[in-house]
């Protein structure tokens, strides 16, 4: 899919304060972000990409030539790619509460000179969007061509559509929901428990200590199970075992390959993510409900004004396709412009981070339509 954006850098901007839904303020507040492409003179060719739970602002390219891995959606961003940097100005920021440069629980609280820890205020998806709005205005953007996100990123995109419709021309919500299901809340609760019962969590005041490595790893293992599908596990691992002798087989320490993979993923996250951030973002997802404090759920969905593309994944265990379809159905019932496309993939929820070649023409088509470069949508 054509060219890379090459070497990029993460930038930061600090704002005086932000007032949160809970009524508390964070002052000052810093946002880490990356941009790709150029903003046009009218300031209306911007696309906002919104990351998922353990993501960051580094969508595409590399920070150093020797980096082995590019940004998390690299095949989708660059010259000639769906998010074409010859046409669009792409922006992605680390969410409020994050641990990749934006103010979060691991940041220093200026009032104490120590990390916020669990004294950090409770944040919501709406708070994340309000901070992103500050960034968008700071960058001189007058109109966002599309707010695009998968999973927790899709939650942000939907809130953008409700909170700032005058700034937005369209929404692409991928493998997400307009309110987190009880099923999703249940898995989050178990992940939270894994972290908070680790003795090294220390009530969230673990900075300077080892930290809840085992608890965070376990939370990640639980999450990874929900991001895949039965068929993907079958294809990749089956019942392959790591034992070499019968003595090893009949032991509690022997493992199947799938177990090794889960441990690997858990340990991998521990090396790059803050446990308290994980807790705060899970809570923000739990609180996500586009109708909360606004009215009846389906009626609030009908109030969304911007053209919307919802993408579901046929094997998504965590956000089944009915959750995307109900958004589109409500909008169509209200005579709004809404489209649904289903990605067929064995990879489950994670397919939106894997199936680039399948998604590319759909996203390109929709963005070209929204930008006025084509009269119809063909998919």
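Note that Cβ sites are derived from N, Cα and C of the backbone, with glycine treated the same way.
Same-chain residues at least 6 positions away in sequence with a Cβ under 8 Å from that of residue 151 (active site, nucleophile) are, in sequence order, 52, 53, 174, 175, 176, 318, 319, 349, 352. Secondary structure from DSSP puts residue 151 (active site, nucleophile) in coil. Look at Swiss-Prot and you will find 151 tagged as active site, nucleophile, backed by sequence analysis.
Residues or ranges marked as active site in Swiss-Prot: 316 (among others). Residue density at residue 316 (active site): 26 other Cβ atoms are found within 10 A of its Cβ, drawing on all protein chains shown.
In the three-state DSSP classification, residue 349 (active site) falls within a helix. Under the heading active site, Swiss-Prot lists 349 (among others).
The Cβ neighbour count for residue 220 (substrate binding site), using a 10 Å radius and every protein chain shown, is 25. Under the heading substrate binding site, Swiss-Prot lists 220, 350, citing sequence analysis as support.
Look at Swiss-Prot and you will find 45-355 tagged as domain 'AB hydrolase-1', backed by sequence analysis.
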In whole Å, how far does the CA atom of residue 350 (substrate binding site) lie from that of residue 316 (active site)?
8
Reduce the DSSP letter at residue 316 (active site) to three states and note it down.
coil
Rounded to the nearest Å - Cα separation of residue 220 (substrate binding site) and residue 316 (active site):
18
